[in-house]
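Okay, structure first, notes after.
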Amino acid sequence: MESQKEARILQEPVARPPGASRSQTPNAKERQEGGPVPAAAALGAEADDDSADRLWELPVEPAKRRPECSRCSRPQKVCLCPFLPAHPLHISTHLYIIQHPAEENKVLRTVPLLAACLPQDKCKVKIGRRFSEERDPELSTVCRKSGTLILYPGAEAANLEEFILDSPVYPSTIIIIDGTWSQAKDIFYKNSLFRHPKQVQLKTSISSQYVIRMQPTNRCLSTLECAAVALSILEKNNYIQETLLRPLQALCSFQLQHGAQIRLSKEHLLKNGLYTKPMPKNKRKLRKMELLMNSVKI
């Protein structure tokens, strides 16, 4: 009986301690405890590393961009040339667009549409954040001319329509900054060249038709819309505004038909309790948000 009992004890499996592996071989223990790794495993790891290195060394093929229209800079399948004027608009005003570098490659930018509607010698785009007489003598000369205006809202800005009525020299050039509001502010205040032209702003009640991009307030306009309104005032021709807005309307309509959503202004979202992002902790930014909620001009 005792011998049978001993046999049963020997046949019963020994309970493994928690966390122990099924294999208690020395190699397994060493792997578990961070000890020496078997040669075969080490060779396999080195082979994997070599394969990964070879993959990194392979030449990277550049992403293929869709063919673009040479006139409107839109992909050929969604070309907006049918909505552009057959010939560039005849204007006497020179337009300078100061474009922030971040805007240059944005898909839904409006400056190429604006430039496609105007003569090349009347519309010039300068890309950058800092400008000086040494870097851009042409722009420096333009800024110092008495007939040059810069369109940027502010307490010191004159209303454009009122200014041209009283100005002894009729404006021949207008400068517009292209970028987000924070980018435009940075360009305007950190370039002393832009202190020379007369600062003007638009006094208009129209709402932006650029509904596929969020604006800070209901009164903010895109660069193309600002140029359309300003040129129609300076040229005393409302047809200019209608013509320049046509490709913008087509762009927004096409995007909305293909899944884009109407982007309401931040002011509208705040006033109607629809703003879902957390309020900023920075006091200066928080103050701006409060001004937007109270429809105070900032």
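We count from 1, first residue shown onward.
Placement of Cβ uses the backbone N, Cα and C atoms for every residue, glycine included.
Source: prediction; values computed, not measured.
What Swiss-Prot records for this protein:
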type    : residues : note
MOD_RES : MET1     : N-acetylmethionine
MOD_RES : SER132   : phosphoserine
REGION  : 1-52     : region 'Disordered'
MOTIF   : 178-181  : motif 'DXTW'
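Counting every protein chain shown, the Cβ of SER132 (phosphoserine) has 12 other Cβ atoms within 10 Å.
Secondary structure of the motif 'DXTW' (178-181) per DSSP (helix as H, G, I; strand as E, B; remaining residues coil): 1 helix, 1 strand, 2 coil. When pLDDT is averaged over the motif 'DXTW' (178-181), the result is 92.
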